[in-house]
Amino acid sequence: MFTAVLVTGASGFVATHIVRLLLQEGYRVRGTLRDMNNELKLQPLRDLQYSDERLELVYGELNDAESWKKAVQNCDYVMHTASPCELVASKTIVQDAVNGTLNVLRAAAGCPTVKKVVLTSSCGAVNEGYQKEKRIFDETDWTNVSDKKVLPYHRSKTEAERAAWKFVKDEKGMIKKKSKLIYINIFFFLHFKLTAVNPGVIVGRLLHNYKNASAAVIGYFLDSTMPAYPQLSISIVDIEDVAEAHLRAMLYPESDGERFLLTCCTMSFKEIADLLRKEFASEGYYVPAIKAPFVLLWLYARLSAKARSAVDLYGHEEYFDNSKARRILKMNFRDPRKGIIDMAYDMIEKGLLPRKGRFAPSKNSPKKSLYGKKRSDKSKTDKSTK
């Protein structure tokens, strides 16, 4: 029999790559979606190799506890990637993330076949709220949610992961079985392990046809909405490494009860701009070549919501120690520069960025794949972000 893995939020950027890897490795996958009629999100999953044989798609919504009880049935493992990730955060983003995580864990606790839950968290649950501190962060650090400048998304990832560890730390969950008149509380020791993975900004190939938060960051450099780049740096990781780390976290018993930072290196916005300019400027894409002065960025932020977070992060540099993932998960992180270029090409090909220069289709010919044209060579690096 096939080992069954539940992947929550299966249509997401990270989840789609996880589903693809699991199918390639011979697992049976059950993926959840909020909208079972959204063909834009369903089709990329159906297009995956082996999807006809071993992929089942079912309904699952973060705040619908009953949907998770059904979804987790007979599964051996759970990859919980589903989380609110709006480009413009809603007022309930933190509550939804926490409730969704607890609903999935409670469902797993009520399913005796589940051996392990792998939670997709974020570097944003580790280092935010310390903008004035220049140091290397590791898995013992937690985001300072008392800092009002912490973005709602980072706050949601922090609170959701904390809630997950609290749920497991107690070593007992609670199932409420409803009868006509009373609730019966049943306490029991948890039978599954928990591992959290905390990736940085994720780059790489897009398997879906819509712009996610990570792609939006790269897109800002090419869509002419960012006239100059702010002075800040981000930690980056390739999507293929993120998917592989999820699989290894699921399989390696040494990862039980652990958090893992997934980053390859830290890149400044200047480095990203220089990389994209070298690849795309000759085709007519404007890539900012100058740094935005703080005063100018502050004034621009009064008109643009996109620039407001950049004001708070201006001058921010983030560095993470990835040695734990390299040591326990045996990760050998890819150089993310190729992933940045790949992501940009995919956004152009999928119509998420305008097609210019040699990428623009002629009136009498169909669109052709950009792959096979000028691309950066695939490479790997084992360097730490220290």
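Including glycine, each Cβ sits where the backbone N, Cα and C put it.
Under the heading domain 'NAD-dependent epimerase/dehydratase', TrEMBL lists 5-255. Restricting the average to the domain 'NAD-dependent epimerase/dehydratase' (5-255) gives a pLDDT of 90.
TrEMBL lists 6-23 (among others) with the feature transmembrane segment.
Annotated transmembrane segment per TrEMBL: 181-202 (among others), in sequence order.
The annotation region 'Disordered' is assigned in TrEMBL to 356-386.
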Tertiary contacts of the transmembrane segment (6-23) (same chain, 6+ residues out, Cβ under 8 Å): 29-33, 38, 41-42, 44-45, 48-51, 54-55, 57, 60, 68, 71-72, 75, 77-83, 85, 104, 120, 199, 202, 204-208, 212, 214-215, 239-240, 242-244, 246-247
